[in-house]
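So the structure is just underneath, and the comments pick up after that.
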Amino acid sequence: MAPRTVPEWTIVDFIHRGPWWTNRGILMLNIMLILPLLTSVTNGLDSSLINGLQILPDWQSFFGYPEGRNLGLIGFAQNLGCILGLPFTPFVSDHFGRRATLFVGSIIMLAGVGVQTAANSVAMFIAARVTIGIGLTMCMNAAPLLLLELSYPTHRGKITSIYNSSWYIGSIISAWVCFGAYLHARGSVWSWRAPSLVQAFAPFLQVSLVWFIPESPRYLVSKGMEGKASAILAKYHANGNDVRDPLVVFEIAQIRHALRMEEEINKSTSYLSLFSTPGNRKRMRIIIAIAMFSQWSGNGLVSYYINLVLEGVGVTRTETKAAINGGLQIFNFLVAASAAMLVDWVGRRTLFIISNAGMLVTFCAWTISAALYNTMKNAAAARATVPLIFLFYFFYDIAYTPMLVAYTLEILPYKVRAKGFAIMNLAVMLTSAFNQFINPWAIDAIGWWYYIAYCAWLVIELIFVVVYVVETKGRTLEETAAIFDGDEHQHDLMAMGGEAATMTMSRGVIGVHQSEDSEQSQERSPTKEYPEYYELQNRQQRFSDDGDSAVIKSRY
C-alpha cells in the first residue's frame, strides 16, 4: 500500500454511508433542526402579512385606507424594529449562545403579536410591528447560526439553503390565511385580526422547545467547553459513538484550529474587524452585494406591492389578486426547495449566474408587457404579465432564496460570523426599506417606466456575480470559511482534521494488536497493513510547532 500525503483522510472518509434516516443520531438531529427552521417561516409570514392585509377591505377601512407615506411607514415598521435590535444581537448570540438568543427573541415576538392583534389605531399597529421586528432580528441571527453549526457535514448546504427557502412557507400561510379570513369573516375585524394571531404559533413552539435541542458545538468550543461539544457531535454526528470517533475528532480538530487561526487573523471581534483584513473585505464585498441584489432585482415590486402591480395591468378583483398571490407563494417555495437540494451538485456560483441571467431576460420581457398594456391597452400583454412574474421568480428562487443566508454564513469564519450575518441582514433591511418607501411612490409617479431602472441594475448584478462569486461546494464549514484567507490556511485546516483522525485510527489499530498473540500480531502488524501509520509517525515533527497538534498528541 503506497504511502499517502497529508492528510491521511478527509471528512468524506468518516461520514455515514447509506440513507441518513437509518442513522438514529442524524435522524434525531434533523428533526430537532426543524425548530430553528421555523424562524424563517415566521419571517415569511410576518413579512408577507402587510401585503396580504392590503388586499382585505376590512383592514383598509379599519385603518382609514392608508396610502403613500402612511402605507410605507406601516410596511417599514417591522424593518425599523429589526434595525434597532440588529447591532446588539450578534453580541447576545456570541456571549449567551444561540439557543438563549432564540428564546429571548421569540418571547419579544409573542408580545408584539399580542399588541398587533389587539391594535385599534395605526400608531398601535406600527408599535406592534416595531416590537415584532426587534424580536425577529434576534431569532434571525441565532437560528441560522444554530442550523449551520449543528448540521451534519454533508447536510449543511441543503439544510441552510432550506432555511431561507422556508420563508415561503410562512408567506404561503399568510396569503391563504388572509384569503380564508376574507371569505369566512368578511365584514368583521377578525378578517385581519385572525391572520395576525397566526403569527404567534411558531414563536410559541420555539419558546417551549428550544432548550430541548443541543447548543452549537462551535459556540461551546469557543467558550472552552470542548467536552460538551464532543459529546454533542458524538451523539448526533457519530450516532452516539465514543467522543474518540474519527469523525468527531476530525471536526473538533478543525473547529479548534480554525478558532486559533481566526484569533491570529482577526485580532479583535468588533464590527470593524469585518473590514480589517483582505480576506474579510473580500467576504463583505460579496455578502453586501448579494444582500442588495436579493431586494433590488425587481422582486420587491411583487413582494410588498403586488396589489399595485396587478392593478397596473388591469387585475382588480380581490379574489383574483388573493388567488394569484397565494399561488405565487406556493410556486416560489417549490422552486426554492428544489434548488436547495441542488446546491451541492450544481454548485453555488453556477446557480447564481443562471439566476441573474434569467432574471435579466424575464424582467425585460415583463417591462415590455407592462409598457404595451399601459400605452396601447393590449389585453394580451396584460395576460402575459402574470406568467412572466412567475417565470421571473423561478430564476430568483433558484439562487437568492436558498443561498442568501447559506452562502453568507459558510464563507464567514466563526469569530465574525454573527456580526457579518448581522451586516448582511442590515443590508437586506435597508434595501428593503428603499423598496417599501420608493417603489409605491415611483409606481404612482411614472408607472411602468420605473421598471427600466431595474433592467439596468440587473445587468450590473450579472457582471458582479460572474466576476466575484466563488465556488464553495465540497468543503467543510471551516475549510469554506478559510478559502478567502489564502491557500496556506486551507491546507492547514485540511491537514489538521486528517492528522487528528489518522492518529485516532492508528491508535485504534495498535490497541487491537496489543491484545492479539504474537503470531497474529506478526501476520497482521500495522507495518504490513497500515504502513501510512509509520509514515505519519515520521511526519509528526512537521506539526510539532502547532498548538493543535500538541493537544492532539497529548490526548492520543
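Glycine too: its Cβ is placed from the backbone N, Cα and C atoms.
Annotation source TrEMBL lists transmembrane segment at 26-50 (among others).
As annotated by TrEMBL, domain 'Major facilitator superfamily (MFS) profile' applies to 32-473.
Residues 46-47, 50, 54, 63, 112, 122, 125-127, 129-138, 140-141, 304, 422, 425-426, 429-430, 432-433, 436-437, 440-441 of the same chain lie 6+ residues outside the transmembrane segment (70-88) yet bring a C-beta within less than 8 angstroms of a C-beta in it. If you look up TrEMBL, you'll see 70-88 (among others) marked as transmembrane segment.
Long-range contacts of the transmembrane segment (100-119) within the same chain: residues 36, 39, 42, 81, 89, 92-93, 125, 127-143, 146, 193, 196-197, 199-200, 203-204, 206-207, 210-211, each at least 6 residues beyond the stretch ends and with a Cβ under 8 Å from a Cβ of the stretch. The transmembrane segment annotation in TrEMBL covers 100-119 (among others).
Here TrEMBL flags 125-147 (among others) as transmembrane segment. Outside the transmembrane segment (125-147) by six or more residues, the chain places 33, 36-40, 42-43, 46, 63, 73-74, 77-86, 89-90, 92-93, 98-99, 101-102, 104-113, 115-116, 119, 159-160, 163, 199, 203, 206, 213, 215-216, 405, 409, 417-418, 421-422, 425 with a CB less than 8 A from a CB of the stretch.
Among the features that TrEMBL reports, transmembrane segment is placed at 167-185 (among others).
The transmembrane segment annotation in TrEMBL covers 197-213 (among others).
The transmembrane segment annotation in TrEMBL covers 286-306 (among others).
The transmembrane segment annotation in TrEMBL covers 326-343 (among others).
Look at TrEMBL and you will find 350-373 (among others) tagged as transmembrane segment. Within the same chain, residues 290, 293, 297-298, 312-314, 339, 342-343, 379, 381-382, 384-385, 388-389, 391-392, 394-396, 398-400, 403, 447-448, 451-452, 454-455, 458-459, 461-462, 465-466, 469, 471 sit at least 6 positions outside the transmembrane segment (350-373) and bring their C-beta atoms closer than 8 Å to a C-beta of that stretch.
TrEMBL lists 385-409 (among others) with the feature transmembrane segment.
The transmembrane segment annotation in TrEMBL covers 421-442 (among others).
Sequence annotations record features per position, and here TrEMBL assigns transmembrane segment to 448-470 (among others). Remote same-chain partners of the transmembrane segment (448-470), defined as residues 6 or more beyond its termini with a Cβ less than 8 Å from a stretch Cβ, comprise 285-286, 289-290, 293, 296-298, 301, 312, 348-349, 352-353, 356-357, 359-360, 363-364, 366-367, 370-371, 374, 439, 442, 483.
The region 'Disordered' annotation in TrEMBL covers 512-532.
The annotation compositional bias 'Basic and acidic residues' is assigned in TrEMBL to 521-531.
Same-chain neighbours of the transmembrane segment (26-50): 16, 20, 74-75, 78, 102, 109, 132, 136, 139-140, 142-144, 146-147, 150-152, 155, 159, 162-175, 178, 195-196, 198-199, 202-203, 205-206, 209-210, 212-214, 236-237, 239, 303-304, 329, counting only residues six or more beyond its ends whose CB sits under 8 Å from a CB of the stretch. Remote same-chain residues near the transmembrane segment (326-343) are listed as 48, 157-158, 161-162, 164-166, 168-169, 171-172, 174-176, 179, 302, 306, 351, 389-390, 393-394, 397-399, 401-403, 406, 473 (criterion: CB distance under 8 Å, separation of at least six residues from the stretch ends).
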